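Undergrad: To start, I am sharing the structure in question, which I have written as structure tokens.
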Amino acid sequence: MRRRVPFIEQMEDAECGIACMAMVLAYYRCSVSLHEIRERFGLSRGGSSLLQLISIGSGYSMKSKGFKADFDQLQGLPLPAIAHWEEKHFVVIERIGKRSVTIVDPSFGRKRIPRKEAESLYSGYILCLAPEESLERRKGKNKWSFFVKLALQQPKWLLYILIVSLVLQSFGLVAPQLTAYIADHLLLDSSQDKMSIIGVALLSLFIFYELFSMLRGWFLAKLQSAMDMLMMETFIGKLFRLPYSFFESRTGGELLFRTNANVYIRQILSNRMVSIIIDFILLVSYAALMLTTSAALGSMVIGVGVGIFTILIVTTMITQQFASREITQQSRTQSFLAECIYGITDIKLLGAEKQLYGSWARLFRDQLSTTQKRSIWISLLDSFSSGIQFILPLLLLWTGSRAVVQGTITLGGLLGFNALAAAFMIPIVSLGSAYTQLLSVGSYLQRIHDVVEAKAEQEEGHEEITELKGEIMMNNVSYRYSAFSSDVLQNVNLSIKRGEKLAIVGPSGSGKSTLAKLLLGLYRSTEGEILYDGQSIGQLEFSSLRRCIGAVLQETKLFQRTVEDNIRMLDESIPLERVVEAAKMASIHDDILKLPLGYATIVSENGASLSGGQRQRLLLARALVNQPQVLLLDEATSALDNLSQTEIDSALSAMNCTRIIIAHRLSTVINADRIIVMKEGRIVETGMHHQLLAQKGLYYQLYTGEENKEHEIAI
């Protein structure tokens, strides 16, 4: 029987190529995570090309051959193969039949589509892969290990729940015995004393059952609360330690979806982990009791139970596919809605409400359609198992009545056996349902593992610093986004003196902002090194380094907190006096006092209630509040008028710190101690304003072009 290609879901749009490669490798029993491929080869922002996939395949000892071919020519090629799809996507072709084609789409899952539809979607390029002898067989990591370890850190609550659950389930063993006793003795012997004793016993049974049920609920709540705290602390703690590049390639909506997925996984884990153990113990106990009571009837019930369980397990694959598609579509819908909410200003400006609403509605309808199909499928399975559970007692009565007539079993024994058989079916269905849930949660686990397995920005043990002198060196620094992309920065050599005001200018896309992020450790240089006060940036603890640097980047945001909290970033050790001092230096203090509650005024999300200039000055105050020895500003004052610009520049000059100013508006940097001009990732000119003008190079062109534009506007 031909093996199926394991489905590995892409975590972002640009990952379809490497996800397909991971699926083909897994097919040949070499399990490789997307995280490993990203770490080893990098991932360009636009995704992977066929040539890059060939290089990745070769890196894992796969013979790879990519070529152009008509769809009819694919029939004789070795499968699985990676195909270019819809001119923008990669999928794995698993099987080509006369009328249908089976593909595994990394964004959706396994699909069987008509051959004509496949021909129209196929873009004409195919990548055939075959394992070399040196291909290393590797088993995949257990997705559940992370969560099971966390659950096992709460052994006390798990043990309590297990003991109480066993006691509760033991009542299920008592019920059939009571049924048999009542039928055989009380119905034939109308002794009031026995009736009273049984009544008291039933009442006691009920009271103890309720007490143990409440106790189990209390223990379960304690376990769930402890697991929630541990899981979320671990997950969010890891999320905050991840590198900046991780967040660049993933949407906020998708990461929120993954965070919420922890709660769902915890529910499955805390509820099912104990119940699986209990259900298994009960199955053995019930089976032994039934066989002891009546071997023939017991064998029949066990056979029916095994049949139901087998059907539930066999149909789980279909259930898992529905669940995987539903989770993928939920994630897409939520991510799209989050993007719309974050970008509502642009949507309003463009008058694009109807178009965006239509796109959301289509995504949501697709999600609902999959949810409906899954619900119908589960209803069919439930109706099947409930139908068996309904007819089984009647079949037992019909079959067992002959045994009662023959005297091999009493009427009470038959009724008790009937209750026992009904109880036996409950853990059978529960185990089948648990198996289905554990498999269907796989898509959630994959999304969580994308965070858990990702390499932290920095390991422990780096030197923590409390201050900088402000001397910075860049020696032959180059940077590229992935192993397959070209250099964004090339052989940058730069020496910045303590207290110097350095301006970085150049046309858009010249690498200015990338250089700033390298200086902050947000990106790691591909080649060369960056030194702060003679120490390599790789030896320093990034968080402490950044606390010594006041930075405002183009992506810097305001939070929906008070003005004071936005400036000091919730650092309670910073007194209000320092907050006010920073605000005065940023020329925002007077504006803050005019707000309804002054420094206690809540800023709307991303400062929507403030003007562009006020937002920039508030962000500048945040950069200044720690009294940094290095100040790095990337277009931090682009929205300010010349007067405000001059006031702030005078205040910053008095700080006597090293300043790195990135600007498009060259009139704001003419008084810099030194100006470097960048083009296509290289430093092409350096000098003071008048020196660069005299050279009549790129800086001269940029400056005169800006002057001419301002002159035209003035006219």
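A Cβ is built for glycine as well, from the same backbone N, Cα and C atoms used for every other residue.
So TrEMBL lists these for the protein:
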{"type": "DOMAIN", "residues": "10-129", "note": "domain 'Peptidase C39'"}
{"type": "DOMAIN", "residues": "161-440", "note": "domain 'ABC transmembrane type-1'"}
{"type": "DOMAIN", "residues": "472-705", "note": "domain 'ABC transporter'"}
{"type": "TRANSMEM", "residues": "157-175", "note": "transmembrane segment"}
{"type": "TRANSMEM", "residues": "195-221", "note": "transmembrane segment"}
{"type": "TRANSMEM", "residues": "273-291", "note": "transmembrane segment"}
{"type": "TRANSMEM", "residues": "297-318", "note": "transmembrane segment"}
{"type": "TRANSMEM", "residues": "375-398", "note": "transmembrane segment"}
{"type": "TRANSMEM", "residues": "404-429", "note": "transmembrane segment"}
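Surface or core, plus neighbours and distances: that's what I need for these features.
TA: Here the transmembrane segment (157-175) has long-range neighbours at 151, 205, 208-209, 212-213, 215-216, 219-220, 222-223, 226, 273-275, 277-278, 281-282, 285-286, 289, 419, 423, meaning same-chain residues at least 6 beyond its ends whose C-beta is under 8 angstroms from one of its own.
Sequence-distant contacts of the transmembrane segment (273-291) (same chain, six or more residues past either end, CB-CB distance under 8 Å): 148, 151, 158, 161-162, 165-166, 169, 172-173, 176, 297-299, 301-302, 417, 420-421, 423-424, 426-428, 430-431, 434.
Remote same-chain residues near the transmembrane segment (297-318) are listed as 287, 290-291, 377, 381, 384-385, 388, 392, 396, 399-400, 403, 417, 421, 424-425, 428-429, 431-433, 435-436, 439 (criterion: CB distance under 8 Å, separation of at least six residues from the stretch ends).
Counting residues 6+ beyond its ends, the transmembrane segment (375-398) has Cβ neighbours under 8 Å at 297, 300-301, 304, 308, 311-312, 315, 318-319, 322, 414, 417-418, 421-422, 425, 429, 432 in the same chain.
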Undergrad: What are the DSSP helix/strand/coil residue counts across the domain 'Peptidase C39' (10-129)?
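TA: Result for the domain 'Peptidase C39' (10-129), in helix, strand, coil order: 46 helix, 42 strand, 32 coil.
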Undergrad: State the residues, same chain only, that lie 6 or more residues beyond the ends of the transmembrane segment (195-221) and have a CB under 8 A from a CB inside it; answer 'none' if no residue qualifies.
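TA: Result: 157, 160-161, 164-165, 167-168, 171, 174, 178, 181-182, 186, 270-271.
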